[in-house]
Amino acid sequence: MALRFPRFSQGLAQDPTTRRIWFGIATAHDFESHDDITEERLYQNIFASHFGQLAIIFLWTSGNLFHVAWQGNFESWVQDPLHVRPIAHAIWDPHFGQPAVEAFTRGGAPGPVNIAYSGVYQWWYTIGLRTNEDLYTGALFLLFLSAISLIGGWLHLQPKWKPSVSWFKNAESRLNHHLSGLFGVSSLAWTGHLVHVAIPASRGEYVRWNNFLDVLPHPQGLGPLFSGQWNLYAQNPDSSSHLFGTSQGAGTAILTLLGGFHPQTQSLWLTDMAHHHLAIAFIFLIAGHMYRTNFGIGHSIKDLLEAHTPPGGRLGRGHKGLYDTINNSLHFQLGLALACLGVITSLVAQHMYSLPAYAFIAQDFTTQAASYTHHQYIAGFIMTGAFAHGAIFFIRDYNPEQNEDNVLARMLDHKEAIISHLSWASLFLGFHTLGLYVHNDVMLAFGTPEKQILIEPIFAQWIQSAHGKTLYGFDVLLSSTSGPAFNAGRSIWLPGWLSAVNENSNSLFLTIGPGDFLVHHAIALGLHTTTLILVKGALDARGSKLMPDKKDFGYSFPCDGPGRGGTCDISAWDAFYLAVFWMLNTIGWVTFYWHWKHITLWQGNVSQFNESSTYLMGWLRDYLWLNSSQLINGYNPFGMNSLSVWAWMFLFGHLVWATGFMFLISWRGYWQGLIETLAWAHERTPLANLIRWRDKPVALSIVQARLVGLAHFSVGYIFTYAAFLIASTSGKFG
């Protein structure tokens, strides 16, 4: 008999129902559960798949470069970045009528095009690319890297080139390689690119391979490096009247500490960024030589962890046993990696707008909004994934004997205290924040707006003042001209920083008031509740009071049969599932806040946010309804415009989102009954009954239906907000 899907599980392959297909898809990437899997094959498969992942990433980025070079307007955008709309790619759509063709023909293009809101134009411009030829060269190079990655993946699946398990578990060598080889060397290489290509380009000098060795990045060459006069590299920086991309007002410095923003581009100084990357390269190149490998020198991570016993004796055995626990658990390692990456991604969202690194991106408002929202949603999914794999670690990989009385065991021992404190914080934040909002709504509805409870965020204002914002009148740290902190930086980075913090043309330390105070606490509620669900899911993954044997049922299970009460909906997977809803909800509030505050700043009517954000009706009416009115109006038989497709996507997103509820608010028995009825009718209908199926149709399992519902909810939610965000911002600012 021919092998049926899934080949990795003979048990499933012999299942006579459609469960075979869905369970096969669900467990396709759960390598640990496959037939004939060994630890060695598990590690080798994952390692090889990383090369495939890299190939896809390189191919995708190559495609971005290629399509902009082929169909974009990069060269004309470079001439006038503030007024030419960057084109992502052409649209070839047989459904477009004449009005659509006209609506989407923009940016100087001959036919319909999509505008780029990704920020790639600003990025490529900042790093020194200027022509379509540059873009094609980059696309070809990335295509080459993609091919190399595929070859690498194939190579490491061949018997001769398969690494051993001991190679994968050599943590010190891997850390040294990643710290020095990846972070250190790549940061150094990036510094080199900025100094040799990007900074000259910002001063009107075109450096390419043909003149790379002839153009000195600094008039004195390597002299100051070898003579120890490094400060010479910081002398004569670009002036405040410098026109980016030209020699007008340009200096000769390559590594500076100016602080603040380039006045014309409103982005960080390129010479500051080169300096920053050089410092990071230096730190990581040292860090990558700290761990003991072949030469018998340096730290052993295991020794470090074993030696760390907390003083006083009241915190148990500290980190004893952690080295082997982490090193032998891929889920633990993945959980740590995802947690770090999630935090970094959210920080990228925050810093891309507050400290823009790319020239002119701060004045491209739609791109700013899209970038912030994009990175926050990605951070949310990554962070929930971190806790999911933490829970799987506790179920599959945690060994109580190995971790007796260490930090992991103690987390489990006092999980009730952790969970109840998170619960208390969530309840406190929720009731008080909602109470304040609702009180304010009642006051406005009853005609006494002066009775609103409006709380000034004085602690946050004090922190902003400590960083140099003078508006609030606190005389503290950097906003105090007599203090040592102020005087220490006065001759280098401080003037640039202080002018950036105190001028209102950027998003650095925005002025905050009672509306910000309220939404800050609403977001804190969302974050604490999401964390509560995720932490409880992981800490209760092995067992809870109602179900002490939970770990025996695995990561995702619906119930322990109908006869055992209190076992439904409490698997670690269910916690992850619930947390994703809260995560989406929270990031909704975060992005609403960011977008509304910025729209009013960009339009110069910030009082609208300040006055309307203190009560719920204000958010619904003056943010959501006011900014979606064009989308709700949409398209009609008499015409359309370039927002019509966003209006269609806004509608479509709502439909996908609503479809999720069909799976979420229904029971399996209903679907099973429906399927039985349809199958019965099919088998008794002439002609139709000539078509048979090999697999008996059965309803999705409870867990699978939840996943399908969650997927539709998430995708619809994000599609809807993406359409709203891009249309409402580009409709106002282009």
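Note: Cβ is positioned from N, Cα and C throughout, glycine not excepted.
Copied over from Swiss-Prot:
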type: BINDING; residues: Cys559, Cys568; note: [4Fe-4S] cluster binding site
type: BINDING; residues: His654; note: chlorophyll a B1 binding site
type: BINDING; residues: Met662, Tyr670; note: chlorophyll a B3 binding site
type: BINDING; residues: Trp671; note: phylloquinone binding site
type: TRANSMEM; residues: 46-69; note: transmembrane segment
type: TRANSMEM; residues: 135-158; note: transmembrane segment
type: TRANSMEM; residues: 175-199; note: transmembrane segment
type: TRANSMEM; residues: 273-291; note: transmembrane segment
type: TRANSMEM; residues: 330-353; note: transmembrane segment
type: TRANSMEM; residues: 369-395; note: transmembrane segment
type: TRANSMEM; residues: 417-439; note: transmembrane segment
type: TRANSMEM; residues: 517-535; note: transmembrane segment
type: TRANSMEM; residues: 575-596; note: transmembrane segment
type: TRANSMEM; residues: 643-665; note: transmembrane segment
type: TRANSMEM; residues: 707-727; note: transmembrane segment
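Residue pair Met662 (chlorophyll a B3 binding site) / Trp671 (phylloquinone binding site) shows a Cα separation of 11 Å. Against the transmembrane segment (273-291), the recorded stretches 135-158, 175-199, 330-353, 517-535 differ in Cβ pairs under 8 Å, and the greatest number is found for 175-199.
Neighbour list (Cys568 ([4Fe-4S] cluster binding site), Cβ cut-off 8 Å, at least 6 residues apart, same chain): Pro558, Cys559.
The CA atom of His654 (chlorophyll a B1 binding site) is located 24 Å away from the CA atom of the residue listed as 'phylloquinone binding site'.
Less than 8 angstroms from the CB of Trp671 (phylloquinone binding site) sit Ala699, Leu700, Ala705, each of them six or more residues away in the same chain.
Burial estimate for the binding-site residues (Cys559, Met662): highest at Cys559, by number of other CB atoms within 10 Å.
Beyond its flanks by at least six residues, the transmembrane segment (175-199) meets 126-128, 207, 212, 215, 217-218, 254-255, 270-271, 273-274, 277-278, 280-281, 284-285, 287-291, 293, 301 of its own chain at Cβ-Cβ distances under 8 Å. Counted over residue pairs 6 or more apart, the CB atoms of the transmembrane segment (517-535) and the transmembrane segment (417-439) come under 8 Å in at least three pairs, which marks the two as touching.
Taking Cβ pairs closer than 8 Å, the transmembrane segment (135-158) reaches residues 44, 47-52, 54-56, 58-59, 61-63, 65-66, 68-69, 74, 124, 129 in its own chain, all 6 or more past its ends. Long-range neighbours of the transmembrane segment (330-353) within the same chain, counting only residues 6 or more positions beyond its ends whose Cβ lies under 8 Å from a Cβ of the stretch, are 42-43, 46, 361-362, 368, 371-376, 378-380, 382-383, 385-387, 389-390, 392-393, 396-397, 507, 594, 598.
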